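Colleague: For reference, Swiss-Prot lists these features for the protein:
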ACT_SITE  8  active site, nucleophile
BINDING   8, 10, 212  Mg(2+) binding site
């Protein structure tokens, strides 16, 4: 039986309205009763995740910023990784040929250059929001990650530009169809989970994980049991064809799967 369960948030544990369902919360409590360690592995900021965690009355480790930070149950930093300052400086100051909006993250919060109210819809559960600022004024040595939000085809073209400019100095991935992330080289949820599992005296084979986007690829592919959401990006399913696909986040599929796993571990699972 797995000893640690790692969960992506958006498109996985959260429903389409960006809330946690009652069944999901109850199932997470059941996992803790079985002494299974919980880990939320997300692109969201730790400041937001601490608020969400505080509403659940659950102990969980936090992998945030797509692996740039790991926090203990007590809130202590176990691991940190920032963007190379030269990479951050290039991304923030270059005039990219794109209509996508740029968003910069550091330990103090989420920063962008203009009001984009539509982006706040994903944060209604926590009330977390961006701060509008001149992005070029942000110190490059304090940046954890940078992301661009916009049309997918536009982001694909932007990724080509970023790859040419940054070469092998950063890790680029889609955390959603409409979100392209620039992360520290070698930084992803999978590498962060490896650090955390080692800290806990576990192996990745002792872990199970759930996800729906390309920023979950390394995590899902490295654990003992990786589960892909039915609403996942097609690219993720294609990249990990050997992994099982469960149901849709709107049906609280993670809870559905885990309830079966807890109650009938030796029987085959069907998402129906």
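Each position is counted from 1, following the chain as shown.
From the backbone N, Cα and C atoms, a Cβ is placed for every residue, glycine too.
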Colleague: Given the recorded positions 8, 10, 212, and counting only Cβ atoms in the protein chains shown, which has the most within 10 Å of its Cβ?
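Modeller: Counting Cβ neighbours within 10 Å, the top one is 8.
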Colleague: Rounded to an integer, what is the Cα-Cα distance in Å between residue 212 (Mg(2+) binding site) and residue 8 (active site, nucleophile)?
Modeller: 8
Colleague: Note the Cβ centroid of 8, 10, 212, the recorded Mg(2+) site, then list each other residue of that chain whose Cβ lies within 8 Å of it, in sequence.
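Modeller: My list of surrounding residues reads 9, 11, 12, 13, 14, 42, 176, 211, 213, 216, 229, 249.
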